[in-house]
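Peer 1: One structure is given below, represented as structure tokens, and several questions about it will come after.
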Amino acid sequence: MFIYDTKLKQKVPFEPLVEKKANIYVCGPTVYDDAHLGHARSAIAFDLLRRTLELSGYEVVLVRNFTDIDDKIINKALKENKSIQELSSIYIESYTRDLNALNVKKPSLEPKASEYLDAMVGMIETLLEKNIAYQISNGDIYLDTSKDKDYGSLSVHNSSIEFGRIGLVQEKRLEQDFVLWKSYKGDNDVGFDSPLGKGRPGWHIECSSMIFKTLALTDTPYQIDIHAGGADLLFPHHENEACQTRCAFGVELAKYWMHNGFVNINNEKMSKSLGNSFFIKDALKNYDGEILRNYLLGVHYRSVLNFNEEDLLMSKKRLDKIYRLKQRVLGTLGGINPNFKKEILECMQDDLNISKALSVLESMLSSTNEKLDQNPKNKALKGEILANLKFIEELLGIGFKDPVEYFQLGVSGSEKQEIENKIEERKRAKEQKDFLKADNIREELLKQKIALMDTPQGTIWEKFF
């Protein structure tokens, strides 16, 4: 298994800290609004990583957090006259619903920052005791990055650009020093009583503390195997996480760092701050979650994905082929490539090489369909073909529906009944040799984007886009 390590900037063999076990931490959302397609892409990318590792024989523990203490949450809660707990719980539920619709496996653990305040305070106290952290006059506590000789080694950032983004605090020793603890500033602020005084943790300390309490190994030079997240988190968030872990515990946070690429809308990075977010819940109004998942996984996870609906509909053809084969093989079958599972898994073991994996998948679908055409009554290999389809489901998280359900997506129960009534009316017309009426019914349904197919078992129908 090979993965691309952001820190080394190259593909490297995956060699876990404990043989055949992988512990992964993925940065989750800050829950002040609904999740957008950028969040979906990150969740799907590392869901693919998890599935690939599991099918390669690894025992995987994947932790994905919720940041439920943050300035954006506080500001929106004040605006909506809610507590931060009320507001964050709304968006945690929304995010969970969205990811369920995208068939993303539930993490082993989903810690909330608010549940680990003691661990955060303890880590800050350690940094103060080591004289690596310092307090300024307003009570805020910062980490002195000059005490970490490896600061910047992960992101290799452009300091003139990135440090300007942090903002200037006059009492900071260095511009890149980052806040560990924000003291309580008054009635419109949120604070928790602690040995550090009333206040709340900074963003970066939250993830490091949750990793330490939920995943970290002892007696190893790294706390976890893989730390993952979106490319926008590389600096300052992941750089600062790595720094404070080295400073507090004397070990590296993660052996490997993995980052997924952006989702662009009109060639601009999609983000809430830019106001061009495409929320998952809105996309799900137009497209089934499996169709969205299939599209978002179709571009290599490190590449930028330029979202457009034309490409989404083109990618749906791949799903159609999977379900068309599944539909055929449930009744008949032919020969298949016996090495299919091995070949597609090897593609994913090469830094999740999805384009190569999808090429193997396309080849299998085409060759199997050709053999079904040549020998439609051969049932000897039915179990093996269905096993291959099941393997696709487990590896890529697609192809898990019944074919009838898939091809009738987007049609309500009452609409289905109307279509069935029309099919029955057409059947009677054909029996009465009124072929003009039968053709008119077919054309009428085609205008509603309903295609009819006559089979030996009767007429079946599909919704098309």
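Using the three backbone atoms N, Cα and C, a Cβ is placed for every residue, glycine included.
Copied straight from Swiss-Prot:
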| type | residues | note |
| --- | --- | --- |
| BINDING | CYS27, CYS207, HIS237, GLU241 | Zn(2+) binding site |
| BINDING | LYS272 | ATP binding site |
| MOTIF | 29-39 | motif ''HIGH' region' |
| MOTIF | 269-273 | motif ''KMSKS' region' |
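Looking at the shown structure, what environment does each listed feature sit in?
Peer 2: The Cβ of CYS207 (Zn(2+) binding site) lies under 8 Å from the Cβ of TYR25, CYS27, ASN65, HIS237, GLU241, each on the same chain and at least six residues away in sequence.
Sequence-distant contacts of the motif ''HIGH' region' (29-39) (same chain, six or more residues past either end, CB-CB distance under 8 Å): 66-68, 70, 72-73, 76, 87-88, 91-92, 94-95, 98-99, 230, 262-263, 270-272, 277-281, 283, 292, 296, 307.
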Peer 1: Give the residue counts of the motif ''HIGH' region' (29-39) per reduced DSSP state, in the order helix, strand, coil.
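Peer 2: Grouping H, G, I as helix and E, B as strand yields 3 helix, 2 strand, 6 coil.
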Peer 1: Neighbour count first, Cβ atoms within 10 Å, every protein chain included; then name which of CYS27, HIS237, GLU241 tops the list of binding-site residues.
Peer 2: GLU241
Peer 1: Using an 8 Å cut-off from the Cβ centroid of CYS27, CYS207, HIS237, GLU241, can you name the remaining same-chain residues around the Zn(2+) site, in sequence order?
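Peer 2: Other same-chain residues near the Zn(2+) site: TRP203, HIS204, GLU206, SER208, HIS227, GLY229, LEU233, HIS238, ASN240.
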